[in-house]
Amino acid sequence: MLQYNLQLVAEIMRARFLQQAAGNNFVEHLLIDSRRVIHPPAALFFAIATVRRDGHDFIKEAYNKGVRSFTVEKEIDVQQFPEASFLLVDDTLKALQQLAAYHRRQFSIPVIGITGSNGKTIVKEWLYQLLNEQYSIARSPKSYNSQVGVPLSVWQLQPQHTLAIFEAGISQKNEMNALQEIIQPTIGILTNIGEAHAEGFADAAEKLREKQQLFSSAETVICSTEKLEPLSFLHANIYNWGFSANNALVVKAINRQLSETTIVFSTNTITDNITIPFVDDASIENAVTCLAVCMYLQVSFERIKEKFQQLRPVSLRLELKSGIHNTTIINDSYSADLSSLTIALNMLQQQGQHLQRTVIISDFQLTPEQETATYRSIAELLLQHKVQRLLTVGPRTKALLVPLLNSSINSISFDTTPALAQQIENISFQNETILLKGARVFELDSIAQLLEQKTHQTVLEINLSAITRNIRAHQQLLKPSTKIMAMVKAFSYGSGSYEIANLLQFMKADYLAVAFTDEGVALRKAGISLPIMVMNPEPVTFDALIDYNLEPELFSFSILHAFESFLEKEGINSYPVHIKIDTGMHRLGFMPSELEELVAVLNRQQTFSIQSVFSHLAASEDPAEDAFTLQQAMLFEDACSYLENALGYPFLKHLDNSNGTIRHRQLQFDMVRLGIGMYGISSAAAKLQLEEALTLKTTIAQIKQLQPGDTVGYNRRGVITKPSVIATVRIGYADGYPRNLSNGVGYMLVHGQKAPVIGTVCMDMTMLDITDLVDVKEGDEVIVFGPQLSVTTVAKQSGTIAYEVMTGINQRVKRIYYEE
Ligand SMILES: *Cc1c(COP(=O)(O)O)cnc(C)c1O
């Protein structure tokens with residue numbers, strides 16, 4: 001690690017010593033946050049004042065943690081801190097930046113600087129994923145791209161690095177110059193320029209001009225052709241990509257399949273293609289940008305082609321879960337590199353609830369040249385973050401990392417993940433935070449699963465494989481050409497949102513439908529690209545509707561006119577919409593008598609393009625109402641032919657819901673709308689071999705023995721008449737367990753045995769009579785509903801329908817998704 005003498009630091013920052021203490025006169029780490037002190041003897045603290053906080057107020061805290069070097073911009077009472085050195089500057093932020101810029105100048109490797117409105121972090125992380133075998137890469141942690149984040153990122157540059165990738169973001173005028181001086185990129189990347197953060201600038205052009213400052217001394221700027229023109233003033237060589245033949249990288253074709261996209265391209269040396277596991281425009285643009293960088297760097301395409309297929313979405317969220325024996329688990333078992341290790345260790349350090357810290361780490365996948373330096377850095381990080389115990393998996397960590405640790409870290413090595421799994425019961429884990437960190441191939445996730453507390457909470461488990469099979473079962477009833485619209489309203493009937501939508505997208509559903517615009521927006525933000533119909537588009541949400549490419553259901557003249565004038569105002573034509581006809585449900589929809597007027601309205605404008613016309617059956621599941629269902633179908637058919645004739649173009653027609661699909665196959669038209677059937681609920685469930693996909697589970701918090709005369713719960717409703725055993729379980733009406741199942745109306749299953757509810761259901765707890773049950777103990781799992789105790793049964797006992805019970809499960813109940 002590079003060290004700077006404090007005297008030199010003072011010269012670089014043109015600082016004056018307010019006090020110079022003996023000893024402690026070198027700097028390795030820069031600190032701006034007194035809560036994140038690592039390796040204090042070699043740290044230099046910068047007291048930076050922001051609108052909300054003044055770093056000078058935290059000098060004492062940092063001093064108490066052992067920091068002995070400070071940069072300040074105010075005269076302070078140094079006598080309070082006799083062992084520390086103080087450097088006084090005019091502006092601590094500027095000083096930090098000057099020091100980082102000096103540090104940067106010590107390196108003559110390619111340095112990539114990325115700016116743009118969107119995609120900076122993704123491009124940076126993907127370049128890392130693509131190139132980390134060819135280069136030893138320094139990069140910004142997370143999205144450190146600000147006036148403070150950039151100097152801290154650049155400070156990470158160390159002699160072993162052969163490539164650096166930093167992002168730069170600005171929110172005000174004149175900020176980019178400072179960032180340029182710190183990053184000094186030799187290669188610039190301009191990603192998508194959107195409208196994000198336009199405030200702070202006179203206009204978009206000014207912002208773009210400001211952004212280009214980053215490239216003022218770059219040798220080359222990589223960007224798409226569309227961004228060429230505004231860059232034309234630059235001296236830099238431009239490496240551009242685009243569709244036309246005069247680009248350095250020509251995109252010849254973009255072929256989107258269901259869940260992946262193949263991009264055919266050529267350069268002056270090769271013609272080939274990449275496939276990426278994404279289908280959205282932004283991912284395609286980001287991937288091509290990365291490809292252009294690889295081509296420019298002349299890395300062997302053979303070595304990276306496969307890697308495009310393995311690009312992972314960039315998620316910077318680390319999840320904490322509670323583990324066995326009062327432990328906390330941080331599962332970061334999908335990536336292995338120094339920068340993500342630093343982030344994870346910071347989180348480990350932040351978790352103050354346990355003093356004991358254990359790290360489980362696998363070999364990182366490194367080239368022989370990278371190994372020595374990287375393991376040395378890992379050892380340093382582990383020591384700095386006060387890790388007490390280390391479990392390693394794989395031969396390289398055993399050989400190269402463990403010997404570097406001193407006696408303050410207790411370490412045990414395992415050759416393979418299964419070897420560790422086998423021993424896990426014999427290793428004591430208690431009252432500690434455990435970080436799992438490893439390369440994907442080591443599958444440390446399996447260890448996380450052993451450590452995670454599973455039975456503690458009330459959870460709704462969703463069997464994604466069962467949903468897949470249920471959809472297939474419905475599909476088999478349909479003509480091959482009949483499309484499927486999956487109804488994912490109300491958090492997919494309580495089961496989640498984008499998790500289910502992702503599965504449906506993967507399964508080739510043709511359409512999704514949600515009740516409200518915000519549900520559709522959430523799906524788009526989660527990367528769902530399927531067409532989405534919004535059944536209840538409120539006018540205040542029209543903006544979002546269009547921004548997120550959602551298709552409204554128009555069911556009345558008032559909503560139609562409101563949307564029409566909105567589109568006119570926006571100058572939008574042929575926007576995809578769906579027309580709902582009321583054929584007897586009498587909820588939403590144009591009445592058959594309104595169709596003539598509807599046609600008149602539709603024919604005098606080009607604002608809409610009708611994608612589909614549909615209606616909803618009122619009693620598709622009820623044989624006693626089949627005549628009514630057929631009458632609805634006739635009205636629907638009449639309406640469709642009338643509209644088709646009058647409009648002069650075809651559209652999709654759909655009527656059947658889940659039960660309709662099963663019971664009225666002749667009414668499938670062009671598409672069916674599946675809802676509850678996907679979850680395995682249907683009167684024909686057995687015939688179709690549908691499987692219930694949801695299981696609501698809880699656990700026993702306490703067991704007690706009661707005697708005749710005792711009572712259980714509020715208002716003493718549970719009366720004990722014989723010696724009894726009562727179990728209190730962790731679910732109540734606030735979770736969505738209906739209160740009218742009190743006093744023996746409902747029951748749950750404990751190890752497959754029926755345990756009736758005794759007393760009234762409480763807000764967060766329910767008491768069960770387990771007197772006649774065998775082998776029950778505290779902590780045991782209890783099934784509230786699931787394949788063994790149908791949600792339909794529970795709903796019947798509660799006097800309602802499965803739909804209400806499913807959608808009534810509170811969001812505080814954790815959803816767990818699994819595939820078999
Ligand atoms: C919810 C809904 C469906 C799906 O109904 P299921 O009975 O769950 O299959 C279909 N169409 C419309 C208009 C709906 O609102």
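Each residue's number is its place along the chain shown, starting with 1.
Cβ coordinates come from backbone N, Cα and C, glycine included.
Residues or ranges marked as active site, proton acceptor in TrEMBL: Lys489, Tyr714. Taken from TrEMBL, the feature N6-(pyridoxal phosphate)lysine covers Lys489. Residues or ranges marked as substrate binding site in TrEMBL: Arg587, Met763. The feature domain 'Alanine racemase C-terminal' is assigned by TrEMBL to 693-818.
Taking the features listed in TrEMBL, we show where each one sits on the structure.
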residue	record	contacts (Cβ under 8 Å, 6+ apart)
Lys489	active site, proton acceptor	Ala513, Val514, Ala515, Phe516, Glu519, Met535, Gly675
Arg587	substrate binding site	His616
Tyr714	active site, proton acceptor	Gly759, Thr760, Cys762
Met763	substrate binding site	Gly732, Tyr733, Ala734
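Sorting the domain 'Alanine racemase C-terminal' (693-818) by DSSP state (H, G, I as helix; E, B as strand; all else coil) yields 22 helix, 48 strand, 56 coil. Looking only at the domain 'Alanine racemase C-terminal' (693-818), the predicted model's pLDDT averages out at 95. DSSP gives Lys489 (active site, proton acceptor) a helix state.
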